[in-house]
Amino acid sequence: MSTNVIEAINLQKKYGDVTALRNATFHIGEREIVGFAGDNGAGKSTLMKLVAGSIGHTAGQLLFAGKERQATSPEQARRDGIEIVYQDLALCDNLNVYENIYLGRELVSSVGGIRVLKHSAMRRGAHELLERLGIELTSMLDPVSTLSGGQRQMVAICRATAFQPKLIVMDEPTAALSVGAGQPLLELIRRLPGEGTAVMLVSHRLSDVLTTCSRVYVVRHGEVTTCVESATTSEATLLQLMEGHPDQEAGRPQGSGKSITESGPALPARS
Amino acid sequence: MSTNVIEAINLQKKYGDVTALRNATFHIGEREIVGFAGDNGAGKSTLMKLVAGSIGHTAGQLLFAGKERQATSPEQARRDGIEIVYQDLALCDNLNVYENIYLGRELVSSVGGIRVLKHSAMRRGAHELLERLGIELTSMLDPVSTLSGGQRQMVAICRATAFQPKLIVMDEPTAALSVGAGQPLLELIRRLPGEGTAVMLVSHRLSDVLTTCSRVYVVRHGEVTTCVESATTSEATLLQLMEGHPDQEAGRPQGSGKSITESGPALPARS
Amino acid sequence: GQLGSAAGPGNGSKKLGFALSTFTVPRYVKVDLPNFTNAASAQGYEVISQQADSNVDKQLENVTNLLSQNIAALCLMAVDAEAGVALVRKAKAANVPILAYNQAIPSKDLGGYVSRDNVQAGRDMVAAADKFLGGLNGNFIICSGQPGDQVAVDITQGYMEALKPALDSGKVKIVSQKFHAGWDPESARKQVEDSLTAAHNDVVAVLCNNDGLAGGAIQSLRAQGLATKAFVSGLDATSEACRAIVLGEQQMSVFTPYDQMGRRAAELSVKLAKGENIAEGKTYDLGGGQVPWFPMDSRIITKENVVEHVKQYSPAYVDAKVAFGNIPASQLPPGAAELVK
Amino acid sequence: MSTSVDEPATAAGAPVTVRKDPRKLLTYSREAESTTWRLLALVAVIALVWVVFQQVTGGVFVTPRNLTNLSVQVSVTALVALGVTWLLVARQIDLSSGALIALIAVMIAQSEVIHGWGFGVTVAVAIGIGLFSGLVNGVLVTAVGIPAFIATLGAFSYLRGAGYLISDGSTVSGLGSTMFTLGNGGLSPLPSVILIFVLAAAVLVYRGRRMIADVRRSGFRASQLLSLVAICLGAFLALWAFGLYQGIPYPVLLVLVAVAVASFVASQTRFGRHIYAVGGNPEAARRTGIKTKRILVVLFVVAGLLTSIGALIQAARLDAGPPSTAELMEMAAISAAVIGGTSLFGGRGTIGGTMLGAFLTGSIANGLSLAGVNTFWQLVATGLLLVAAVATDRRTRKEGLL
Amino acid sequence: MSTSVDEPATAAGAPVTVRKDPRKLLTYSREAESTTWRLLALVAVIALVWVVFQQVTGGVFVTPRNLTNLSVQVSVTALVALGVTWLLVARQIDLSSGALIALIAVMIAQSEVIHGWGFGVTVAVAIGIGLFSGLVNGVLVTAVGIPAFIATLGAFSYLRGAGYLISDGSTVSGLGSTMFTLGNGGLSPLPSVILIFVLAAAVLVYRGRRMIADVRRSGFRASQLLSLVAICLGAFLALWAFGLYQGIPYPVLLVLVAVAVASFVASQTRFGRHIYAVGGNPEAARRTGIKTKRILVVLFVVAGLLTSIGALIQAARLDAGPPSTAELMEMAAISAAVIGGTSLFGGRGTIGGTMLGAFLTGSIANGLSLAGVNTFWQLVATGLLLVAAVATDRRTRKEGLL
Ligand SMILES: Nc1ncnc2c1ncn2[C@@H]1O[C@H](COP(=O)(O)OP(=O)(O)OP(=O)(O)O)[C@@H](O)[C@H]1O
Ligand SMILES: Nc1ncnc2c1ncn2[C@@H]1O[C@H](COP(=O)(O)OP(=O)(O)OP(=O)(O)O)[C@@H](O)[C@H]1O
Ligand SMILES: [Mg+2]
Ligand SMILES: [Mg+2]
């Protein structure tokens, strides 16, 4: 299991009396694209935030590259090579496009021992990153608060994909994107494993999830209930798994999709 | 044209040197569901905000029920019976679910001449509204900041649909909704004309737009470029119109879709 | 069961209240209060003291709190004369006799009044200026203390009274008069700096309500090379002022023997606490009634008597090192050098 | 792609047949719950401070007489802080309270003593000035678009200056007897005791019933019981202090009325909700059609009104109109609100918290003064105690100790 | 369904073949542009105030001597306001500046006069206290979680108390000659003129080149030219004032250095960007891995450092360490920042704006004082002018008059 970028065992997150997540057990292999599907409020974003270290879990284990982390923090996650596109984007509204993209990792050059920002290099870099996604913004220099919903989302995506991380967590990256902008993103995601990056993808566009990911974990009512191989799963099956129809609950998937629980190999013993 | 809920003629919106919208001409008839499709940054949200009065236009005309409004304001729009689901939701994060839904239109009962809030009536009302969309929230009493992305969106939708308006403007209402929650919403939207409400729907899910709306306006680069009938338009055509392929530009739609410009009746003279 | 009635003379309480207006002027902590306390404890009385940061509201709370501590008599240095009336009324209601200290209170319910005459101090400063300048003539600057502070108001009133003839005849012109919140020296420095600019340095005297303000004023005079040329007055004869007097940058400071004043007030308070009569001849008309009055003489500290002053009040009140340190022996008045050693 | 796949044991285990989210549905507000804990923590901190002072002052602190004094000493700050709390909730600030009190106090003295106008006219003048000054602040902020900090800082200066100008820097004392009574008199002990008893009983019954209903619905919550206990204790202390000394002083009575009205408005009226909406997300509130500017103007006017009532009390207590009065009152009011949990960034704050905040700072000042601590040490101690008290409060809540 | 459909003329008209968005692509930042206008408006307001005072004072206001005085009078506020600006940008506040200046001034006097320590040691002591006090504030805010308002209000009280305690309430005067020179001396006129000339030339060349490049890329913008003009005017005034009177005073020199360093840090370093990020969206900044707490601590420490430099100037100017000095300095600093466009809600604020804000309030105080206005009227006028100046500033920008 040492090849897993990340592994979670019975992860739990409570907000006071509210259990947002319980019994979340999953793993992401290196260079793997794994989807997470679930209803609204199922706990997907909570899970993603736990992985990115922006909140801490209240029980269970979280292992990065095989090593357990008791207390996670965003800094630690960044050092571990984990990037995330938050559902709420987490942009600094008063900063401009390239400042947001390079936030915390600004390009600097040393001038007489003092590290000076390379504004124009960052501007160019941001431009290139946006071009990878096939878009152009009216101004790289205005605060991102003046951008449209989709444009803001692209900025957040650029930030996460800019620094060749080991794992990118994407929480609904295509929600605000038009079809025209969504496709290049999905293609980009598919290219990422080739660049050494694993991806965790949360999306309500089930077709995107199924066509992009190798496996899909189903999150329901705060639990990671099952895992399916996307090659053998239809949208309808996935939907049923998400909504938890009684027959699905018992572990008998309908349609063409197969729950890996039944078809996959037995669980290897964990060291 | 007096049956139009709203009509815009050459509407323009400039933010300083940035022209977000120009030459926007369109109309929404009574009990009509009209879609607006366009790329990211095309100007859809700007258009919706103009209609809802939360920003003012810099040129052109905006007519509500045939009457022109020079200066619009959210209060005026509400009085005109216009409700909107903003793309950024515009929720008060510190208020709870029912307070957000009833914000500005709280239910009150008169106790000795003083209007006292009917908290439990609002709580029940909010519960019913959410049930219409087939959902349940962990707490109606917690600030909406603790809700998931999709749950927040539903609150915004409930707020817009709660008071039998004449026109509901929906800016990407399904963006954060799961498939399971999106379907009931689309059904609700389809029911709205029956209740006397017209709908302006912005969505990047083109299939939703085509199956729900009678007509779709295409917004591109800040212009409302064309209008198609959804019955005769395929997703692919719509996409091409949005992206503005050269052959579309000249007004020759491809595939099965037909631009109303060509097939529809001539423009009636405006009085 | 009103606890308040338990207080007052003859109830056997051995506590005296001493409500001061501020501690930010050094004399109160260093001279008045210790002398008062010592004199009172010599007679077996404990002193509870409060001070009000020159703030009428705070003094109201102070007095209320003192009265709730079962004191036998209250010695009150009012922040504001008029506002003191209500305090006297409160004390009387609680059956506690009250002695006004340093500051008159226009109430006939006072048991007595121990004072320095602040108006007189103002007149003294003008008289000194008259002497130094050889006649009142020219442009004056007035630096007054905290707005609303009675000491500031009274001294300034003293200036105006003494200057009136010269002002009326046009021989003296006041180019600037300003009250300074918190008696802030930096604020005084700015005032004098700006006034010098406005008057093109044609200023012959700066009358200051206390030594701190004088210190600020001297700095701006120095910057224009006017220190030692223009007349500067102050109040309290602090170490700082003594130094300036030695250097010739300040001509005089008014000083009241606060030690005697404190002791006197303690004696009188104890008498009041015991319910004894303290009427003794002099009375003060407070508008509405005469009250027994115990005036204290102020003295003027100049280069001539500054060494004597420092000798007498060092180290309790002034610091010889601050007053005379780092000054060339040639400039030191006789006897000063030994004090620094 | 990895082929080994984990599967949580539960999924293959016992089948779940309900569609409902099995996660606990909350029938109470966690936000309100945490606010309650914050208030309880503050009560505990105040109790701690009291115990310490009771020791230090040799038993003088917790006596009916001193508690009565304390409650009166706190009353002006409490009234001003009430108005400031709402302004802070709506993302505004008011730095002019102290100067306004001074100006009004001067005018009260002028009216009663110099002009010989009666109590009624004087009150009208006082309140009129308060309302007008609030209106000016509100208009400057909303119509002219000056940040509240600057608009009220300007007022801080010009109102204070006006007070000095009108009084010519000197205090006028000797107000009329009605005015004097307003500041120094009170309800006599018997009706006071009855009033407190009735009030406390009403609150206890109302809250007790709600608690029982809540216990049925969502189970027992310690915070509810503890609040009841705290209210009982408070009522008992009030009964003891006011009953055994001189009854409820009028200033305290005014505060009680203001608090009751404000609490009602905050939680039971549209206007109250809109204040919080404007503070939570001004743009969203505006877009919902709420007249945000009008609300802000009203809030400034209300702050002016409460300040003018405070000024009446202040002048009446001093029996004079000193133009230098109420220095730093604005700071005292803002800190009371902030200590009570009001955010300077808007959207959050309760009236109860502000009252406790005012009581905490008032207790510290009163205790240090009673203990006869040297002033300089008093300044140091005030600062340290303030920080320590708030730190204790935060810690307690953070670690769920209370 | 309506069958009549509008179709904008353009769609059927001339075909567009480019995929590029035909809407203007901005090659400049509108945000920066509007900030520039705001600063220009402030400059205009200051100029207006100057013209008025020049009339009222009969020509004394705009003289080399008075401008030199003014610049020195403003210097302490400017230094303190610089640190406060960053704190405000990062959503914090510092109410302890005035008290800290007093404490440090007292310590400077103690060190030089009582202990006879040299200039170097004294400076070290002063700066040490400033840093430490800032650190305490920072730790209280970040580690203990006390709101900055309360933590620094506590410091406001205990630092002032400490100053009184150490000095026992009395002022110690007669500092060493080096210290005295620091506050009262300056660069002699010739090097001053050269320095100003070189500095201004450098700024003009740098900005001029950028302007030319910008004109090529995105066309001419009036704001750029006007800024150049404003800089020229400022340099000319400085040349005139300092050249004809006594050269650049050391306090002003210190301010210049601080402003240069701070501007560089704000715009050209990571740390600078992170301050704005933390203020704009603290949670987003934290999630991006920025050590927000560390940044806040550093900002409090920097504020302490700048305040300690201000205290050195203050003590040196007074040649003494009065424990009562610098009352309300914190308010003066905060208002300078807010007048200069810094938001109390974080994320927005410039150093240039703050300097102009300090200059505006300083000019008003100096002008009123020169004009010999009575204290009470001065208070009224200060308040009214403050409000009027900021209102003019807002109006001008709103209506695009400037
Ligand atoms: N800070 C919080 N405090 C309390 N409850 C929270 C908090 N954050 C999330 N929750 C609750 O946790 C549950 C899961 O939320 P989460 O955001 O993880 O859902 P999600 O699967 O991402 O949903 P969506 O598809 O709508 O984004 C929700 O019921 C939500 O109300
Ligand atoms: N406040 C503003 N200031 C300046 N420019 C703005 C502002 N708001 C929007 N714009 C610009 O106007 C254009 C249109 O924005 P709008 O939000 O209307 O797009 P949209 O069609 O809704 O896009 P999306 O699908 O991404 O939501 C964008 O280029 C955006 O940058
Ligand atoms: Mg989510
Ligand atoms: Mg949009």
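Cβ coordinates come from backbone N, Cα and C, glycine included.
Per TrEMBL, the features are:
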TRANSMEM  E:39-58  transmembrane segment
TRANSMEM  E:70-88  transmembrane segment
TRANSMEM  E:95-111  transmembrane segment
TRANSMEM  E:117-136  transmembrane segment
TRANSMEM  E:143-166  transmembrane segment
TRANSMEM  E:186-205  transmembrane segment
TRANSMEM  E:225-242  transmembrane segment
TRANSMEM  E:248-266  transmembrane segment
TRANSMEM  E:295-316  transmembrane segment
TRANSMEM  E:328-346  transmembrane segment
TRANSMEM  E:376-392  transmembrane segment
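Of the ranges E:117-136, E:143-166, E:376-392, the one with the most Cβ pairs under 8 Å to the transmembrane segment (E:95-111) is E:143-166. The stretch from E:225-242, E:328-346, E:376-392 with the most CB pairs below 8 A to the transmembrane segment (E:70-88) is E:328-346. Two recorded stretches are said to be in contact when at least 3 C-beta pairs lie under 8 angstroms, sequence spacing 6 or more; the transmembrane segment (E:117-136) and the transmembrane segment (E:225-242) fall short of this definition. A Cβ distance under 8 Å defines the sequence-distant neighbours of the transmembrane segment (E:39-58), meaning residues of its chain 6+ beyond its ends; these are 223, 226-227, 230, 339-341, 350, 352-353, 356-357, 359-360, 363-364, 366-367, 370-371, 385, 389, 392-393, 396-397, 402. For the transmembrane segment (E:248-266), the partner stretch with the most Cβ pairs below 8 Å, chosen from E:143-166, E:186-205, E:225-242, E:295-316, E:376-392, is E:186-205. Beyond the ends of the transmembrane segment (E:143-166), by six or more residues, the same chain brings 87, 92-96, 98-100, 102-103, 105-107, 110, 133, 136-137, 293, 323, 330 to within a C-beta distance below 8 angstroms of the stretch.
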